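These come from TrEMBL:
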- A:41-58: transmembrane segment (TRANSMEM)
- A:79-102: transmembrane segment (TRANSMEM)
- A:108-127: transmembrane segment (TRANSMEM)
- A:139-161: transmembrane segment (TRANSMEM)
- A:181-205: transmembrane segment (TRANSMEM)
Amino acid sequence: MHIAEGFLPPAHAIAWGVASAPFVVHGVRSLTREVREHPESTLLLGASGAFTFVLSALKLPSVTGSCSHPTGTGLGAILFRPPIMAVLGTITLLFQALLLAHGGLTTLGANVFSMAVAGPWAGYAVYRLLRRYDVPLMVAVFFAAFVADLSTYCVTSVQLALAFPDPGSGFLGALGKFGSIFAVTQIPLAVSEGLLTVIVMRLLVQSSKGELTRLGVLLTRSGKTTSDEPEAVAR
Amino acid sequence: MSRNAKINALLLLAVAALAVLPLVLGLGDHKEEPFAGADAEAETAITEIEPDYEPWFSPLYEPPSGEIESALFAVQAALGAGVLAYYFGLRRGRRQGEERTAAALRDAPGGD
């Protein structure tokens, strides 16, 4: 559930827009490079974007008695790294802001930052960390998707608490309030997203071994990832 | 049903259970408006903290009714599901085609 149109004061709206813009610009460059160098990955890119489309349209009931929806950004972050997910997430947010009055144009910067930047990076970091310690692929995928989903809504809560600190209890009081609305609601949904991402990854392992090996998700026979490691070192 | 398919089915069942349980257990009963969106609740919380706050921008287009809105959400989900289904269908078809070609080459007498 994104911050609704007009619900961030102009200064905050602009600041989050400025914070998100470089990530999206960098993402567009990574995306065009990926498509130019590996035209065969266009299909899987489309599938990753489609996964985000489906999941962020699924409003699910939660234990708090309210509804929210998953983000679907963990999968793309694992497959194509977070910069590309910044673009796919922004497309989804734009679709919802323009056609569904869900989220908004003035809050797009803040929503992009939480769902398309912070979530994918947090999920990807967890994924890399777990894989480094030889945690099985599907376990790492589950926690990456779980963290990408949950951290998105923690960031949303922080964004709102910064804009609307509680008159009595200040920033922390407001953070508790927004956190109980967004983050607690999101916990079971993040579990659902983790499970759904594992299902899609299992189907990908069955159907797209070559692609996953090229992207460094599956290991080659020598036990080294093909493309990801040198790139990560070069950064 | 293969072992793989069974595991996927179990995972899906768990997702369904997570969605259905809050409804069955009546976890929304304590609310005036059970199972409203978290974003609407956040708007309420904002007006509680800052009663004078007025949203300074309104959506350029707003679905005229709840029905239209749910239709558009369904379109979003259907688009995504369609692309995903296309992807997996294409992959499966390609794999079967490759297997068939390989089998044909193997069986062909004196084939190269």
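Don't overthink the numbers, they just go from 1 along the chain as shown.
Using N, Cα and C of the backbone, Cβ positions are placed for all residues, glycine too.
Note that the coordinates shown come from a computational prediction; the quantities given were computed from them, not determined experimentally.
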Would you say the transmembrane segment (A:108-127) and the transmembrane segment (A:181-205) are in contact under the rule of three or more C-beta pairs closer than 8 Å, pairs 6 or more apart in sequence?
no
Taking residues 6+ outside the transmembrane segment (A:139-161), which of them lie with a CB under 8 Å of any CB in it?
1-3, 8, 12, 16, 68, 70-71, 73-75, 77-78, 110-111, 113-115, 118-120, 122-124, 126-127, 130-131, 171-172, 174-175, 177-179, 181-183, 185-187, 189-191, 193-198, 201
